[in-house]
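Annotated features in Swiss-Prot:
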ACT_SITE  Cys229  active site, nucleophile
BINDING   Cys120, Cys121, Cys203, Cys206  [4Fe-4S] cluster binding site
Amino acid sequence: MLTYETWEENDVSFSEEDETKGALSALSWAYKEYKSEIVYACSFGVEGMVLLHLINQVNPSAKVVFLDTNVHFQETYELIQKVRERFPSLNIIEKQPKLTLDEQANLHGNKLWESNPNLCCNIRKILPLEESLANEKAWISGLRREQSETRKHTKFINQDHRFQSIKVCPLIHWTWKEVWRYVYKHSLPYNPLHDIGYPSIGCEKCTLPVGEGGDSRDGRWAGKVKTECGLHYQ
């Protein structure tokens, strides 16, 4: 089994010639390699809808973790319920931070997402994912190379130094148009915020719509140097 500790530059490759551009093959490999010791960390963005549909074909009882920061859009929570109805066998876990919003405010002040967004993300996303991955050998992410400069070198199989794990990224070769084409073809549910200018959807406090021609992640932490929550730093 390929693990963080036994990592070596691997020659695992998947054909990009099929409809899924290697995604289905990557997922099949991942679940065969790690069996029950792998989890999909899903934010329920549109890429997530594609991955959930593919994962359901490979492993209908797969573990899926949603990092519930308690400040997501209502539309996101409603989408999760629709996904549960569409894929009832998937094991969707809504992972909570250890601190409630009130406890966080008492310790660090009100609106931490404004005063110190890195600390807020650490408390409400990074630490919960660390806990979720503690007993796993690998995790799945919906990163695409097209999304941003920080993601353009992502591989199918990655050594993840942040969480000392293996990160599997099946959608690296997909374009934004291909994601939507797949969603429409298979009549998948998706967050209606995508229809009103939100290409990337995170917490309600830190996500704004993006103007025409903008980068897909321009609406995340707008006005701040921060462009990533920290889950995908190497």
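Residue numbering: from 1, along the chain as shown.
The backbone N, Cα and C atoms fix where each Cβ goes, glycine too.
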By a simple count, how many Cβ atoms lie within 10 Å of the Cβ of Cys121 ([4Fe-4S] cluster binding site), its own Cβ left out?
24
Near Cys203 ([4Fe-4S] cluster binding site), which residues of its own chain have a C-beta under 8 A away, given they sit six or more steps off in sequence?
Thr69, Val71, His72, Trp113, Arg124
Per DSSP, Cys121 ([4Fe-4S] cluster binding site) is which: helix, strand or coil?
helix
Have a look around Cys206 ([4Fe-4S] cluster binding site) and count the other CB atoms within 10 A of its CB, chains all included.
20
